[in-house]
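**Student:** This is the structure I want to talk about, given as structure tokens.
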Amino acid sequence: MFPQRLDSTVAYAIAKAMIDGFNRHYRLFRTESARAKHRFETADWHGQQRAQRERIEFYDLRVREASIRLEREFKAGEQPMDVWHQVKLHYIGLLVNHHQPELAETFFNSVTTKILHRSYFQNDFIFVRPAVSTEYIENQEPTAQPTYRAYYPTQGNMHETLVKLVEDFGLCREFEDLRRDAGYVAEAMAARLGDVKLRANFQIQVLSGLFFRNKGAYVVGKIINGFGEIPFALPILHRQPAPGQVLPADGKGISSQSDAGKLVIDAALFGEDDLLILFSFARAYFMVDMGIPSAFVQFLRSMMPRMPRAEIYNALGLAKQGKTLFYRDFLHHLRHSTDKFRIAPGIKGMVMLVFDLPSFPYVFKVIKDYYPPQKDTTREQIKGKYLLVKQHDRVGRMADTQEYSEVAFPRERFSDELIAEIEKFAPSQLEISDRDGDGQMEVIIKHVYIERRMIPLNIYLQEAFDFGVAEPAARDQIERAVVEYGNAIKDMVAANIFPGDMLWKNFGITRHGKVVFYDYDEIEYITDCKFRKVPTPRNEEDEMSGEVWYSVGPKDVFPETFGPFLLGNDAVREVFMKHHADLLDAAFWQRHQARIQAGHVYDVFPYDQQKRFAVMHGPARAG
Ligand SMILES: Nc1ncnc2c1ncn2[C@@H]1O[C@H](COP(=O)(O)OP(=O)(O)OP(=O)(O)O)[C@@H](O)[C@H]1O
């Protein structure tokens, strides 16, 4: 199996062409990410969103280019196994001093699996686990940026240090008052540190690349004191010039105009939980200029040890690496667990067949082969909607999904009930065979989306109902769920998304108590919908008719009619009407539609209004 001699010249040429293909990919990816700084400085918000969307496509384009080149120049698909073994060894050699070896290995897997027939590629040909270490990679070039910078403030010069720390990012746009903002940050840090004694190693470390997303730029780092570490992030925004921009403190997102202002540090976020929300799977990917991405991941992991590395790679826009790592984690989990896959708890979907493994915090969603008549859709349309969400700003309210094809699971881990369910609703997606010939039967699913498991909101509410709505704890649970549910819809509206199907069962609650939407098959752009008031009945017959007597176009939405589906329970109705009655009014939706059509980009920021310096220190001081 292992080649004794590297005697094939074509093997080296293939390996070299492959690494050239990857290097081209990473160069383009990095350049696009680095340009985010300029787009931020010049307030090119539409450009920023476009780039975020387009960058997702880069990987597949480069994989396709590389496979075409390998086929054309080297007939790579026709090379014997022996040559492919040598290709892999040469490739490993080329990675020894590479700065993104883990990404380059994944690229190798993507290209080879495209070129080689499935029965032909086996684990020997691809990187099932990393062959080259990502530990301690350094760029030795004199002009190279280190991954992070360290500052050593004392009690006396904290303020100056923070000013310098921000200035070192070299943002080419004036701050409104950086000294003032650094003062706010210093105060917030002091409050967070409390009365602790500053130890010899007291320092602030910040990643040398700013994290850009939509209308924000984030400084990301940690404070180290003795054995303690406090992760933090400082969002930098453009001050909006018009007065009265600060929403009421209970408002969720920070709506902002498309105009540009001087820069401000908007808040100081501390601790793992704030950071986890910032890096959530329900938000768009960041743009960061990273020479050594694994070093960024390692730093971020030290700040958020509970976040899987796969999700960190995703958040950095390196979704294919995220996908690879997720799959490795999944296989590892399968090997070290014994429970069985089952139909996911909750109300079954009409278009999606959803299953999970109780011990594993994700769900697997398969598109059914047929749907009830009210679901006028197709497999392609559903895939289109999932893609739309992937490319769109998910504003912390729409779960990210990873798409996999031909996923094999051990047959003995599937309950018979689940197999029967798949056979009934998605037979085209199911194969049960011993594909790799190891004597073990496998369940092979042709196409599946995988996403984080949440508690479906209907189940969460039901728990409270079962407890008894008179109980304060149950009332709290209902209030939290309903308020957050409305906030989730409003954040989606800000981002031009109409969820389509707003039933409780289509939303889930995360471990941070955030409500997130996950049912995308009826999603539409707000700007494509027609929000209407229910017309006044023409006569008594209309009025008494239980049927819809007025004509309804395909894009018509009647917000008044949401109530009966959502508000059957009195306790729910009371909270909903107190906080979110506007969602039942067509005028609310039309107003947002008009604002989006006028070109305003809304950004929903991943922290509470109460954490904004403008709110904490009063608008008079902060703008
Ligand atoms: N991320 C998730 N976490 C937990 N449960 C989930 C998740 N996604 C889906 N489910 C469960 O699976 C069910 C069906 O999922 P989903 O709503 O995506 O399917 P659907 O076919 O699009 O639904 P519908 O019939 O409303 O269109 C949900 O009601 C919920 O119980």
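The backbone N, Cα and C atoms fix where each Cβ goes, glycine too.
So Swiss-Prot says this about it:
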type     : residues                                                       : note
BINDING  : Ala344, Pro345, Gly346, Ile347, Lys348, Gly349, Met350, Lys365 : ATP binding site
ACT_SITE : Asp400                                                         : active site
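A description of the local structural setting of each listed feature is requested, covering burial, neighbours and distances.
**Tutor:** Close to Ile347 (ATP binding site) in the fold, though at least 6 residues off in sequence, lie Pro456, Asn458, Lys505, each with a CB less than 8 Å from its CB.
The Cβ of Asp400 (active site) lies under 8 Å from the Cβ of Phe281, Ala282, Asn314, Val389, Lys390, Arg394, Glu451, Arg452, each of these being in the same chain and 6 or more residues away along the sequence.
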**Student:** Can you check what DSSP calls Met350 (ATP binding site), collapsed to helix, strand or coil?
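**Tutor:** Reduced to three states, the DSSP call for Met350 (ATP binding site) is coil.
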**Student:** Among all chains shown, work out which of the binding-site residues Pro345, Gly346, Gly349 has the most CB atoms within 10 A of its CB.
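**Tutor:** In terms of Cβ crowding, the pick is Gly349.
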**Student:** Under 8 Å between C-beta atoms and at least six apart in sequence, can you list the same-chain neighbours of Ala344 (ATP binding site), or say none if there are none?
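**Tutor:** Once residues fewer than 6 apart are set aside, Ala344 (ATP binding site) is near Val354, Phe355, Asp356, Val363, Arg453.
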**Student:** Please check each of the recorded positions Gly346, Ile347, Gly349, Asp400 and report the ones with a CB atom less than 6 Å from an atom of ligand 1, ordered along the sequence.
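**Tutor:** The recorded positions passing the 6 Å Cβ test are Gly346, Ile347, Gly349.
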**Student:** Whole number in angstrom, please: the longest C-alpha to C-alpha distance across Ala344, Pro345, Gly346, Ile347, Lys348, Gly349, Met350, Lys365 for ATP.
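**Tutor:** It comes out at 14 Å between the most distant Cα atoms.
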